[in-house]
Every structure is written in structure tokens, then in C-alpha cells.
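Colleague: My questions will all concern the structure given below.
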Amino acid sequence: MTVLKMSDLDLQGKRVLIREDLNVPVKDGVVTSDARILASLPTIKLALEKGAAVMVCSHLGRPTEGEFSAENSLKPVADYLSKALGREVPLVADYLGGVDVKAGDIVLFENVRFNKGEKKNADELAQQYAALCDVFVMDAFGTAHRAEGSTHGVAKFAKVAAAGPLLAAELDALGKALGAPAKPMAAIVAGSKVSTKLDVLNSLSQICDQLIVGGGIANTFLAAAGHPVGKSLYEPDLLDTARAIAAKVSVPLPVDVVVAKEFAESAEATVKLIADVAADDMILDIGPQTAANFAELLKSSKTILWNGPVGVFEFDQFGNGTKVLAEAIAESAAFSIAGGGDTLAAIDKYGVAEKISYISTGGGAFLEFVEGKVLPAVEVLESRAKA
């Protein structure tokens, strides 16, 4: 995968438009989770250090396209950036006709989704974005799977289109895990339904040596192997699909599970051998023996991809399986990559972030990349690099 990288470019005196993913939660005009802003800071600082006139753009929320809405304004993000950078970051609302930014200065453009044609990737709007800059930098991996004006269209028309450090690091990490992974490779894919992760399971079954499944997905594989799952969430119409995947790759199944009679924070947890699961039991986590078995597989792996907690870890009594696997990944010498919202929450809960090789910032984009799909915003950078 060959793209131009912002870090390799001479930006002195250049007008640089950086597309970041600053779509953060805001309450009462204050940013409540700053992870995405923090992730963007090194790119912004590097562009400033290189002497560029920096313009940053992003979307926030889902406003009606072409209409301003105060609740989707990037004003709280501009305020946050001003504090984080120790300098004023003006929010510019009217920028499509041109903006006066001096080298070494920075402005934040108002929500790109206030512009008509953004979602539809209209060429006219994309050309207006491109006219604002000498260099366009795509740094928002989380939106790379969407072909929109500020992620894809502008890259077609800008004089130079490059990947920012955040996007480049993401592509390098995913390429390392999926392109030619060090073997043996283990993948953990968990979630409520096989149907929503079918492409991920099929794609990974072709490259990994051990495909560990969890959650409702594991229940479907258990049922497909003839094991009782009680009243657990599973998909009876996908049993043949589960068998077909298990025929292609080793899918180690739980030997014991943690069950309850109800799905509730106060539910009583009971460990049972898989054969002893009763008709009124719900499987809500893998059992301790299974967790130990899976942990051994992970510790002997050279590449690990993790997407999804293996139990209802939000309730502590059903969190042991996810905790044990998280710690095994942290202790492993393998190259490890993790992605997906629930996965990130589990990583936070068990404090293993520092010991995972790479944590992906993109939910949908991460999954689409794992599925083997082309990400439009990356594809256009590749085609521009070849030109």
C-alpha cells in the first residue's frame, strides 16, 4: 500500500488542509471524551512545526446537511484545541470562498456537514475544498470507509494529497497484522451475531491459525457443534455457516461457560461444563478453564487481532473471560492489534492499553479493512501517489 505521507513533505509556507476525526461527544458545550482530539494533536503539531498554514476540518454528529445547528458546532472542539495547543484556534464558519491563514498559524473549519454536497461527495464542493490548500492531508481513519467531500472528493482535486501520521500508522499496523502476519496468528472475534461479523469471520479464516469466537457468535458455533446453549442468544439459521467456517480454520470452543438465569447486573453467575448447560440457562461468559486454554493459545501466537469482548464484561461477574484474554494479549510477545468500540472499553477497564501494540481508532473502517474491503479515502490516496 503506497501513499504519500505528510511526514515526508516540505510544508514550509504551504497551505495545508488536514481532515481529522474530531467527532467527539459534547454535553452542554463541553467535550466529554477527548480521545480523538488527543490522537489528532501530533499531526497538527507536526504541520505547525513544519511551518505550514494549517486548516483543520472534521464532521461532528449528524446535522441536516447544508444547515447550521448549534448542537453540532465544532466550537467546543476549537475551545479544547486552543487549550491543548496553548494558542487561540479560531473557528471559521465561512471558509469555502477562501481563508487567510499565515504560515505557523492554525484555524478550525466549522462542521463540514453544514456544507451541501458533503455526504454525497459532490465534485463542486470537493473542488472548493481543494482550492483552499496546496496540500490535503487525510488523517481520519475512522471515516476512511466513507466517500464524502472532505474525505475522498477533495483528495481527487487537491494539488497534493497525502496520509497524515495517524492514518499512516493505522494502515501500517493493519498491513502488518493482515498483509503478511507473523505466524502463528490468532484472532478473537466476538459479538452478538454471526450475521454482522460474517465477512470478518470469513476473511480471517483464510489467514489465521486460531479463530477464537465469543459472545452470541460463540453460542452459534457451540450449537452448530451439537452443544446445548439453553436460552442463550444464537442464530439457528446460521449453523451451517458456522460449520463451514469451522471446516476452514481451527475454532477452539469453550469447554466451560458462565451462565445465569437472566440478563441483569444482579444476575447470579454459575460456572458449568458446556454439556451441563440447562434449557433455562443463558451463557454470558466463557468459563475459567476455557479462558486459561485460550490464554495459552494467545501467549504462543506471533500475531493477534482482537475485535470484541468474549463475555458481558460490563457486569463484573461475567467479565473474567475478557479480563484473562486481555491480560494474555498484554503479556504476549506477539504483534497485537485491537479495534471496535466495545473492545476499547474492555481495554480501558482492564488497564492493558500500554501493552497492546496498536489500538485502532476506527470502528466501521477497522472492520471493513479486516473484511478486505477497499476504503475509498485510502484508495484515492493510493491512486494520487501513483499519478
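Glycine too: its Cβ is placed from the backbone N, Cα and C atoms.
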Colleague: Looking at Swiss-Prot, which one out of K176, K183, K193, K197 binds ATP in the same site as E314, G340, G341, D342, T343?
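Modeller: ATP site check in Swiss-Prot: besides E314, G340, G341, D342, T343, the record includes K197 out of K176, K183, K193, K197.
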Colleague: Of R113, R243, R384, which does Swiss-Prot put in the substrate site with D21, L22, N23, R36, H59, L60, G61, R62, R146?
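Modeller: Checking R113, R243, R384 against Swiss-Prot: the substrate site match is R113.
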Colleague: Which entry in the list of binding-site residues, G61, G340, G341, has its Cβ near the fewest other Cβ atoms, using 10 Å as the limit?
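Modeller: Lowest Cβ count within 10 Å among the binding-site residues (G61, G340, G341) is G341.
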Colleague: Looking at the binding-site residues D21, E314, D342, which one has the fewest other Cβ atoms within 10 Å of its own Cβ?
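Modeller: Looking at the binding-site residues D21, E314, D342, the Cβ with the fewest others within 10 Å is that of E314.
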Colleague: Just the number: how many Å between the Cα atoms of G341 (ATP binding site) and G61 (substrate binding site)?
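Modeller: The Cα atom of G341 (ATP binding site) is 17 Å away from the Cα atom of G61 (substrate binding site).
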Colleague: Sort out the sequence-distant neighbours of H59 (substrate binding site) for me: same chain, 6+ apart, CB within less than 8 Å of its CB, listed by position.
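Modeller: In sequence order, the residues whose Cβ lies under 8 Å from that of H59 (substrate binding site) (at least 6 apart) are N23, N111, V112, R113, E118, T143, E148, S150.
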Colleague: How many Å separate the two farthest-apart Cα atoms among the ATP-binding residues K197, E314, G340, G341, D342, T343?
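Modeller: Between the outermost Cα atoms of K197, E314, G340, G341, D342, T343, the distance is 21 Å.
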